[in-house]
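Peer 1: Okay, handing you the structure first.
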Amino acid sequence: MWIPLLLVALVVPAIRCERKCGECNPEKCQPPSEECLAGLVKDLCGCCYVCGRREGELCDGDFLPIPYRNRGHGPCGEYLECRPRTDLAPGDPPEAMCVCLKTETLCGSDGKTYQNECQLTEARYKQRDGLRAMHRGPCKSAPKITSPPEEASNYTGGNIAMSCEATGWPIPVFEWRVDIGDGNTIPLPSDDPKVSVQSRGGPSKYEVTSWLQLLSIQPKDDATYWCIAKNDEGESSAAARVVVLDFRGSQTSQKGRDNDL
């Protein structure tokens, strides 16, 4: 038993020595010279206040192997905890990173959505205008197209798929329409068995993705297609062309239709 106790007795002073923590004299503490967006916390010696490390920044953790401790990163700020990184490649030296403990989405008094309490705290210290959380969950917002459909082409008889992504709260609902060139748009999929529309949540939080699929395309399918995202706060739309080619590689129709809704 005396060997493990001896090792502990040797290691603990070594850790304290690495930190070089002398006698604490708060009067000698220097105020932070930078803007502290994660709040003020006691330093690793528990004496002076320093700027806390922000979410995603490296930090010093006693759980790391001794050679990798006390690298001068400092402690984490408000609502943050220093944890080992789990995204390192094999063979990389161990590191620790500040992780937010309060991960619930919040709606700020500035009308912006914050992914967690730590992001709202950063904004509050930066703006210094009394920013606070109004309620849990995202703020209401009109849809915004984050990834519009792109022009697609294929030969007669081939298939085409287009996608469209949007964010908003409440979660938007998608509608697809086709402009056949006379200024009028037709909702899809209508009653055409060769046209299908699918939607699902993602890929990001509070985002939705919709797909339009056209099977066995014909010259009549050469047109402009619109994706429209709607919710109670408004709507957003984007368009792209479908070009139908013949087997000589030329376009079957040169209608040049890019009309708005």
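Using N, Cα and C of the backbone, Cβ positions are placed for all residues, glycine too.
Source: prediction; values computed, not measured.
In case it's useful when we look at the structure, here is the feature table from Swiss-Prot:
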- 1-17: signal peptide (SIGNAL)
- 18-101: domain 'IGFBP N-terminal' (DOMAIN)
- Cys21-Cys45: disulfide bond (DISULFID)
- Cys24-Cys47: disulfide bond (DISULFID)
- Cys29-Cys48: disulfide bond (DISULFID)
- Cys36-Cys51: disulfide bond (DISULFID)
- Cys59-Cys82: disulfide bond (DISULFID)
- Cys76-Cys98: disulfide bond (DISULFID)
- Cys100-Cys118: disulfide bond (DISULFID)
- Cys107-Cys139: disulfide bond (DISULFID)
- 143-243: domain 'Ig-like C2-type' (DOMAIN)
- Asn154: N-linked glycosylation site (CARBOHYD)
- Cys164-Cys227: disulfide bond (DISULFID)
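Can you tell me where each of these features sits in this structure?
Peer 2: Under 8 Å, Cβ to Cβ, and six or more positions away along its own chain, Cys21 (disulfide bond) finds Leu44, Cys45, Gly46, Cys47.
Taking Cβ-Cβ distances under 8 Å and a sequence separation of 6 or more, the neighbours of Cys24 (disulfide bond) in its chain are Cys45, Gly46, Cys47, Cys48. Following the DSSP three-state reduction, the secondary structure of Cys24 (disulfide bond) is coil.
Cys29 (disulfide bond) falls outside any helix or strand according to DSSP and counts as coil. The 10 Å shell around the Cβ of Cys29 (disulfide bond) contains 14 further Cβ atoms across the protein chains shown.
Annotation note: Cys51 (disulfide bond) sits in a strand segment as assigned by DSSP. Non-local neighbourhood of Cys51 (disulfide bond): Pro32, Glu34, Glu35, Cys36, Leu37, Ala38, Leu40, Val41, Gly74, Gly77, each in the same chain, at least six residues away, with C-beta under 8 Å from its C-beta.
In the three-state DSSP classification, Cys59 (disulfide bond) falls within coil. For Cys59 (disulfide bond), other Cβ atoms within 10 Å of its Cβ number 24.
Cys98 (disulfide bond) falls within a strand when secondary structure is assigned with DSSP. Around Cys98 (disulfide bond), the C-beta neighbours below 8 angstroms that are at least 6 residues distant in the chain are Ala38, Gly52, Arg53, Arg54, Glu55, Gly56, Glu57, Leu58, Cys59, Cys76, Gly77, Leu80, Glu81, Cys82, Arg83.
Cys118 (disulfide bond) falls within a helix when secondary structure is assigned with DSSP.
Counting every protein chain shown, the number of other Cβ atoms lying within 10 Å of the Cβ of Cys139 (disulfide bond) is 18.
Summarising the environment of Asn154 (N-linked glycosylation site), the number of other Cβ atoms within 10 Å of its Cβ, over all protein chains shown, is 16.
Applying an 8 A CB threshold to same-chain residues 6+ apart, the list for Cys227 (disulfide bond) reads Ile145, Pro148, Pro149, Met162, Cys164, Ala166, Phe174, Glu175, Trp176, Ser210, Leu212, Ser237, Ala238, Ala239.
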Peer 1: Between Cys100 (disulfide bond) and Cys107 (disulfide bond), what C-alpha distance do you get in Å?
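Peer 2: Cα-Cα, rounded: 17 Å.
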Peer 1: Name the residue among the disulfide-bonded residues Cys47, Cys107 whose Cβ has the smallest number of other Cβ atoms within 10 Å.
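Peer 2: So among Cys47, Cys107, the disulfide-bonded residues given, the one with the fewest Cβ atoms within 10 Å is Cys47.
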Peer 1: Going by C-alpha distance, which of the recorded positions Cys29, Cys118, Asn154 is nearest to Cys139 (disulfide bond)?
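Peer 2: Of all the candidates listed, Cys118 is nearest in space.
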Peer 1: Taking Cα atoms as reference points, rank the recorded positions Cys107, Cys118, Asn154 by distance from Cys29 (disulfide bond) and give the first.
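Peer 2: Going through Cys107, Cys118, Asn154 one by one, the closest to Cys29 (disulfide bond) is Cys118.
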